[in-house]
Amino acid sequence: MAAANDYIVRDIGLADYGRKEISIAETEMPGLMATRAEYGASQPLKGAKIAGSLHMTIQTAVLIETLKHLGADIRWVSCNIYSTQDHAAAAIAAAGIPVFAVKGETLTEYWDYTSKLFDWHDGGMPNMILDDGGDATMFVHLGLRAENGDTAFLDKPESEEEEVFFALLKKKLAEKPKGWFAGLADSIKGVSEETTTGVHRLYNLAKEGKLLFPAINVNDSVTKSKFDNLYGCKESLVDGIRRGTDVMMAGKVAMVAGFGDVGKGSAASLRNAGCRVLVSEIDPICALQAAMEGYEVVTMEEAAPRADIFVTATGNKDIITIEHMRAMKDRAIVCNIGHFDNEIQVAGLKNLKWQNIKPQVDEIEFADGHRIILLSEGRLVNLGNATGHPSFVMSASFTNQTLAQIELWTNPGKYERQVYTLPKTLDEKVAALHLEKIGVKLSKLRPDQAAYIGVSQNGPFKPEHYRY
């Protein structure tokens, strides 16, 4: 149980409002509700102490309460300074679950809250991490690295965020007894990671032989990446831009940087709103896909003076540079739907004239007098300026997260310090849990048909190498 007032939220009085929306979301999240029904009695997460770092939304509240229903003890923070829905955080706090999340956190607050994940109210430590973007995971890894004597990197931050993060690590190293980070790393039995950026971090750590505990890559489950990343962005991107700007989308020229799953959903979102969509890509396969879908594939240099709306969706840095923004039309809209804010060179804009229009909407004026409108300071536009993906598509992602937590917790000897994905049988199970809600009726293979194509009548129906 949580200690009294073991939370930081904007207004606990919003809890009733949050609870009403959580109730509605539960109806739209059949995968999570089915998981509660299947595993509730057996309590597979009993004894698990989960440190969760994932956008504190209404949908995440349903995930948190599912984990609790399955026996877990939980502490939670948001993984983005703008993505918290304050009424969702209040409802979770009122339910007795420690949560530290406020929409519009400073970077100092963000990293302070993240550190609270690891200070359990009873003096203990978490033994599981549920992560989105990898910040909680990196807290453990970089903290242990510094504790072991390699501290030079703490004096060489490469961004404002790293400056704040490294200052926090120095503070923790001074406060905690020697060996605290080592004990924390030993305590963690595994991590499940939600998003592309965090997965890249995990694979890099594993490649270097530095991963401290087993990891499950939830992002690359088909029922996550091909649904959350694609269909979620298809609905939430334009929602964020409209709430931020009230701009007429139809007839505008929009530029999407990147044509992976997130880029595909983003381009479709803009096209469905009536935009003429340009796409940039480095990968010839993705570029060909974009062209075959009817998008004009150009470079950012070509698009900068042409487009009215710019969206980055690459997971890479410096995609929209200061020079690109100098070349844009007056009051071009610039935003990002990738996990981190470095896809746009926001740091290079700080010495220009800023005018805040409303929360998460800023107008920035260049020396020549032309302006851009920047949404969510280059952070996730769909969560900063709107409320993120709809509940139904998040149910699939979060059912994968729940199954990954169960797998890591109940089979601790099965996994080494590597990155794994969930088996296709579970992917198909997650999809199946969502069919009845939308009226889908599956066909059934006859025994002779199953034998003909070499699969079981009950699946899995595709080989592991199949690309959906």
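Cβ coordinates are placed from backbone N, Cα and C, and glycine is handled just like the others.
Of the residues proposed, ASP122, ASP132, ASP308, ASP318, the one Swiss-Prot records at the same substrate site as THR57, GLU194, LYS224, ASP228 is ASP132. Minimal Cβ crowding within 10 Å, among the binding-site residues GLY258, GLY260, is found at GLY260.
Overall, the recorded substrate-binding residues THR57, ASP132, GLU194, LYS224, ASP228 cover a maximum inter-Cα distance of 17 Å. Distance from the CA of LYS224 (substrate binding site) to the CA of ILE337 (NAD(+) binding site) is 16 Å. Neighbour counts of Cβ atoms within 10 Å were taken for the binding-site residues LYS224, HIS339; the minimum is at HIS339. Remark: of the binding-site residues ASP132, GLU194, ASP228, GLU281, the most isolated position is GLU281 (fewest other Cβ atoms within 10 Å of its Cβ). Listed in sequence order, the binding-site residues from THR195, THR197, GLY258, GLY260, GLU281, HIS339 having a Cα within 10 Å of the Cα of LYS224 (substrate binding site) are THR195.
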